[in-house]
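A quick write-up on the structure given underneath.
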Amino acid sequence: MPVKVHGVILMNIEEWEEYRYVEAGIKESITLIEDPGLKKMVEHVCHSGGKRIRPIILLLVSEICSGSYSRSLNAALAVEMMHSASLIHDDLLDQGLVRRNLPSAPEKFGPSGALLCGDYLIAKSIAFISPYGEKVIQDFGKAGMDMAEGEVLDLKLEDESFGENDYFKCIYKKTASLFAISASIGAYTGGAEEELAERFSHFGNALGTAYQIVDDILEFLEVVEGKESKFTSETLPHIYMKSTSKEEALKKSIDCVKLHVAAAKETLETFRECPARDKLFQITDYITVDMLENL
């Protein structure tokens, strides 16, 4: 169904071929799980309404680089499995109760079950990424380590010295790093050389950063739907509020989103014009500025 934010219906990404391709791959991988209890947990986590943005980015980039979806699908599934595992661990750390309008994995299956489900998804992501060669595997592993380091940085949010520079380092590792490798690995699976893959990585980094700041803004304004946690991360508007008014902090945060969106689009403009590139432009707006339209 279409995603609705503040009463406004955004584009229906579920109608996209890339979305259906990823969904079919996830469904097939779940059918291969032998243990019924583990299968139930993975189904709950992986079929809870995610937009599949990261694997879709990977597939679209591979198409821009003249690759094929069949060649790139396992890499896309690896990215989605890693992302799903990170959400479980995030809910464990934040004592998340609700995610995407459903009970979180720890709430539904207990901390031990959720932890094991996350472990399985990480192992499955490694299995999916393993055929793609040394460079791709190294980059994928580095992103996983970055995400863990980002969570460690996030634990320091109660430290009064946690400022803007710490925040951007944290969200690069927690969020933007996976966007960056989704784009760069898509380039590699499409046959691109390292220089082109690096440019796609810059696009993913800028988009992932903008996406996280938008998420922070919505949380700051208490308009996030379908998510509930006992603890929350530090947000950019809250950091700015330490030295300015709420209104100015919000404006500075929105300006920061626009800056990173512009950087992402500027990089996109350098790639060959094609329907896949057009979709990346749509995604860029869809998960950033479109979410802020009615604030």
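Heads up, the Cβ atoms here are built off N, Cα and C, so glycines get one too.
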Of the candidates His83, His89, His202, the one that Swiss-Prot places in the isopentenyl diphosphate site of Lys51, Arg54, Arg100: His83
Candidate from Gln138, Gln212 that Swiss-Prot assigns to the same all-trans-polyprenyl diphosphate site as Arg99, Lys174, Thr175: Gln212
Proximal residue to Arg99 (all-trans-polyprenyl diphosphate binding site) among binding-site residues Lys51, Arg54, His83, Asp90 (C-alpha distance): Asp90
Cα-to-Cα gap, Arg100 (isopentenyl diphosphate binding site) vs Lys174 (all-trans-polyprenyl diphosphate binding site), nearest whole Å: 19
